[in-house]
Amino acid sequence: MELILKYFPELTAEQKAQFELLQKLYEDWNIKINVVSRKDIDELYLRHVLHSLGIAKIQSFLPGSKILDVGTGGGFPGIPLAILYPEVQFHLVDSIGKKIKVVAEVVEGLQLKNVKATNDRVENVSGKYDFIVSRAVAQMETFVHWVNGKVAKKSLHEKKNGILYLKGGDLTEELKIYRNAVIYPLNEYFEEDFYETKSVVHLPLKFKG
Ligand SMILES: C[S@@+](CC[C@H](N)C(=O)[O-])C[C@H]1O[C@@H](n2cnc3c(N)ncnc32)[C@H](O)[C@@H]1O
């Protein structure tokens with residue numbers, strides 16, 4: 001928890017309490033439905049919560065904006081971002097029902113009012129979003145195909161509407177067809193070794209009506 005405060009010192013008392021509660025909620029739910037590995041539960045804040053919040057260091061979300069988290073699994077990056085931005089609407093989607101069950105329980109435990117969780121493949125989701133966030137779900141080319149047509153026309157943020165994807169390792173090959181993709185290394189924001197090879201990829205997407 002200190003790790004979160006180290007990089008996000010301006011949390012409200014409610015946000016601090018919500019971030020703190022995450023450990024217990026995931027420990028309890030993981031016993032019933034395994035969504036996070038044991039090792040990752042022990043390092044929940046380093047590997048999941050802070051990593052998710054890396055997106056906020058690249059682009060902070062404006063009140064009223066809409067964010068889609070594709071393949072959210074147990075709720076990453078969507079849930080930590082929803083705690084950080086209570087006035088932003090988050091839609092968390094996963095094709096596996098038991099994962100969405102955990103997400104729904106964690107959302108209830110935290111009393112988050114800005115999260116909708118849907119059990120479906122993202123290809124079946126309609127709606128327009130300012131940004132589509134994700135981690136560890138698919139190669140960029142497949143992902144772009146899935147989310148085509150789900151980006152809102154008007155860009156209100158500093159960065160153009162599109163994808164903000166948490167990726168690791170060398171992305172040269174994967175991104176070579178996307179000349180407008182920008183890689184933001186997270187080791188410029190977080191000093192822990194875990195972030196040495198991690199980054200956020202911003203890929204603006206054109207609106208398709
Ligand atoms: C490796 S997990 C990552 C979970 C989470 N994003 C994280 O980083 O902890 C990939 C998740 O993507 C989901 N997924 C894969 N293809 C999907 C699709 N087309 N639509 C929705 N969810 C999908 C899987 O069910 C799985 O929960």
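A Cβ is built for glycine as well, from the same backbone N, Cα and C atoms used for every other residue.
Owing to the predicted nature of the structure, the values given are computational and were not obtained by experimental measurement.
For Gly71, Phe76, Val122, Glu123, Arg135, the entry in TrEMBL reads S-adenosyl-L-methionine binding site.
In the three-state DSSP assignment, the secondary structure recorded for Glu123 (S-adenosyl-L-methionine binding site) is helix. Maximum intra-site Cα distance, S-adenosyl-L-methionine binding residues Gly71, Phe76, Val122, Glu123, Arg135: 19 Å.
A simple way to gauge crowding: the CB of Glu123 (S-adenosyl-L-methionine binding site) has 13 other CB atoms within 10 angstroms, across all the protein chains here. With the fewest other Cβ atoms inside 10 Å of its Cβ, the least crowded of the binding-site residues Phe76, Arg135 in this structure is Arg135. Taking the Cβ of Val122 (S-adenosyl-L-methionine binding site) as reference, residues of its chain lying under 8 Å away and at least six apart in sequence are, in sequence order, Leu68, Val70, Gly71, Val93, Ser95, Trp146, Val147. Secondary structure at Arg135 (S-adenosyl-L-methionine binding site), as computed by DSSP, is strand. There are 20 other CB atoms within 10 A of the CB of Gly71 (S-adenosyl-L-methionine binding site), with all protein chains counted.
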